[in-house]
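Straight from Swiss-Prot, the features:
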{"type": "BINDING", "residues": "R69, S70, G71, N82, T86, I87, D88", "note": "substrate binding site"}
Amino acid sequence: MTGIRISVQTLPHFEGLSLPRYMSEHAAGMDICAAVADEVVILPGERALIPTGIAIALPEGFEAQIRPRSGLALKHGVTLVNAPGTIDADYRGEIGVLLINHGNDPFVVARGSRVAQMVIAPVCRVAWSESGSLETTTRGDGGFGHTDES
């Protein structure tokens, strides 16, 4: 599979860490590490913004999606507050990961911990076309559990 080349700036507090990387041959997301100076403890029900120590320059027409790691959610109840988070092509600041602890125990984020995944995806920009009505479908306006069995 062909890829795109993306410029990445490592910030001073990134030193000694790994760039985001794919952890298996066909992984869609690259794991992102925490660039914390000291351990960060996230108590149950609390949130923390975790620095990554990197900034990226995405090409026009692409976004980076910051997604939870399933293992953190399953084992610790830790996920992202805004999942997925979107990094726009014109953003040049440090990428931060906003974690929340839904678990019962404090969660410790150590330097170099893999805290999220980054997926690079194409973006489709739309032009709206207002209409007084929409084409009818079998589903219609059924949503929020409309396919649940009674």
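Just so you know, glycine gets a Cβ as well, placed from its N, Cα and C.
What Swiss-Prot annotates, mapped onto the structure for a quick look.
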| residue | record | Cβ contacts under 8 Å, 6 or more apart |
| --- | --- | --- |
| R69 | substrate binding site | D31, R114, V115, A116, Q117 |
| S70 | substrate binding site | none |
| G71 | substrate binding site | none |
| N82 | substrate binding site | L98 |
| T86 | substrate binding site | E63, A64, Q65, I66 |
| I87 | substrate binding site | I56, L58, E63, A64, Q65, I66, I95, M118 |
| D88 | substrate binding site | L58, E63 |
Please give the greatest C-alpha separation between any two of the substrate-binding residues R69, S70, G71, N82, T86, I87, D88, in angstrom, as a whole number.
26
